[in-house]
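In what follows, a single structure is set out as structure tokens and then discussed.
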Amino acid sequence: DLPRELHSWRQMADYSPEMRQFACLLHLYHIKAYDYLRKILPLPHPYSLTKQVWLSNSEAAAGFSSAVFLRLQEQVERGDQAYRYCTVLLQDTSLQKQQEWDPQGKRLTGFVDLGAGILDADEAPLASEAIILMAVGISSPWTAPLGYFFVNSTSGRFLAQLLRQAINKLNNVGVVVLAVTSGACARGAETARALGIRTDPRRIQCTFQHPPGSARSIAYFFDVCHALQLIRNALQCFQQVEWLGDTMRWQHVVELAALREQRVLEPCSPGSKGRYHLKVNLATLLFSEGVAEALEHLQKLGLASFQNCSGTVKFVRLMSSLCDVFYSRGLYKKEPLLAGNYTKISNLFNEAKSLFVNLTDSMGRYIIKSKRKLGFLSFLLNAESLRWLSSNYTCPEGIPSHHLHTHAFSLDPLERFLRALKQACGSSGSPTCAAFQAAYHKLLASCSLAPGSPHSAGTASPWDTSVCRSRALTLGSIHTQHHPAPGRTLAPEYPYSAGLLLPSSALSNALTDLSLYTQSLTCTAGWVAEQLALGLQCEACLASLFEADESRLRCRSVLYIKKLGGVSLPSASVHHITSISEQVLNRYGKAGGANKNTKLWHLSLEQKVFQELLGESPLFPTLTNHLFEGDLSINNHYTVLVKEITQCYLNVRRKPAQHLNLKYPCGRHRLKRLKGKHLFPSPLGSCQSS
């Protein structure tokens, strides 16, 4: 249906929709074929395609979002330097291949669409995935979804062309792109090669020229979380890796994740007479300082499984330091590239390169040349890209690149947006094109480019994105993989711990021994803490649930927890929240005239608990600094933790048999008293001793 006359192709303004689709598709999928055909037909110059709106839409349809680029241009024209520099993120998500009828547009949907419209023909292919692009501020944490594209097949060359189109459009509105980030996967590696990136350790090329042949370069990054998962898979497959006389054994990590609670008989610290149980914090990240310290500690305790683990400790500690740099945490939390830290970071990168290039399996074969090399090569490329940026990038005010926020080079902001997108779709599986487009329209309507705005990248989940994405990198995931087990139930040693608190229990109503009531409340609060610990993915938050001896270890990956008849004693903060919840339940639960099975009644109880907690002493003092590690918002770990504890306790009080899985014998309960002092070292009502 395309015209054959040459004069029909000369004026771009006269192009029909089919001609626009042909030009855009050929340019994105086969740039060499497009350049060759321009010798025959007067097709537009590639740069002219960027200036046209053929791949853009004012609404939330497929293609680049014109409204977002317009708002970015307005910010730049106002002189706001925070919007002058950015990185571009690229990610894909799967779609359900389904043809649907759009009653408003009176057309069929579900087909491939790159922004130039759907091909109106029987041969039009159904879309199987969406490609999403996002711009993220480097010196300021703003995010801007640039657009999406419905495709049914992609290649590295196609994605490279899409990235170049996005870079051109950003440059046109005054935004300078310093780097691009893709996933550390086969498609990401193919995209990097198409742009001219080389990952050979002997001659790494970490930048590509844009426009091609110009003097201007752009750095390339692989997503750090993806790279860490690849390294984890490599270690698990090889089981043992060696380098320059050191050995890292995967079994040490498996043994740590599988370590059962062990009773510590000797005093835990001078002046402490309590007996503790050693417990592993399964929310601890595999490549963290906490795991390194835990392995060293267990080795000093003389446990046979952790002898000769110095090589494992060295490897984990090196990976932890690399993560600190690329996630802007630890020593590099605020400003990762301060002048005083650059030498330290450069030495760290040199040490990592020396280790990775000399890493061999048990047969002496170099891993950097094996089929499991991409994760290690990704870190080497990222290190060179960061070095290049710190050496070549200077802000307009003359401030050097010390203020680069390295977390801007991860896919976390885009993953957060995709998570919000899937929640808006209302289904757990892959959405259809129509559902995706409707959800994107909804998010784009509430999108704000303000730094730190929760709407700039979609609604964040209760637990921040970096923690959710790292779920496969925790000790808990390793434990589940090697030792799958059903959910934990309350130890039968203390059946009264729930029985005394049953609203219908005659013993509970007639109870006169307040010490037994306190023990019952303590055990129930401990059960709540253990249940929440099964799902928590944050190391600091999990540690704050229990009454632990912090003087024993600086890290939270190994905890020393007091026990009461098989149930872990909760922290004073958890106990205080459950105590307030119990008071509210006793005060309002007996009031008549209300349906106590409705969601509204349950929410009213939660609201009254929060009202009681307002004005109280601060809860979870160990989390004070932790609150400032992520995005500042009311929906942070602290507030969500309080909410989860309240909900869990109220749920178990309403339906104790269902949650605790207990059988209550007839007659009197067999109650065990605690000998000596109460196990809590401080008053249970105090919230300052968590």
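In case you wondered, yes, glycine gets a Cβ from its N, Cα and C as well.
Among the features that TrEMBL reports, domain 'THAP9-like helix-turn-helix' is placed at 2-51. Positions annotated as domain 'Transposable element P transposase-like RNase H' by TrEMBL: 62-196. The feature domain 'Transposable element P transposase-like GTP-binding insertion' is assigned by TrEMBL to 225-335. The domain 'Transposable element P transposase-like RNase H C-terminal' feature in TrEMBL is assigned to 407-441. The domain 'DNA transposase THAP9 C-terminal' annotation in TrEMBL covers 505-665.
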- request: Give, as a single whole number between 0 and 100, the mean pLDDT over the domain 'DNA transposase THAP9 C-terminal' (505-665).
  value: 70
Field: Outside the domain 'Transposable element P transposase-like RNase H C-terminal' (407-441), six or more residues from its ends: residues with CB under 8 Å to it
entry: 59-62, 86-87, 89, 91, 93-96, 98, 100, 102, 109-111, 113, 127, 130, 132, 134, 136-138, 141, 143, 145, 148, 150, 179, 181, 183, 221, 223-226, 326-328, 382, 385-386, 457-461, 465-466, 468-469
Field: the domain 'Transposable element P transposase-like RNase H C-terminal' (407-441), counted residue by residue under DSSP: helix, strand, coil
entry: 26 helix, 0 strand, 9 coil
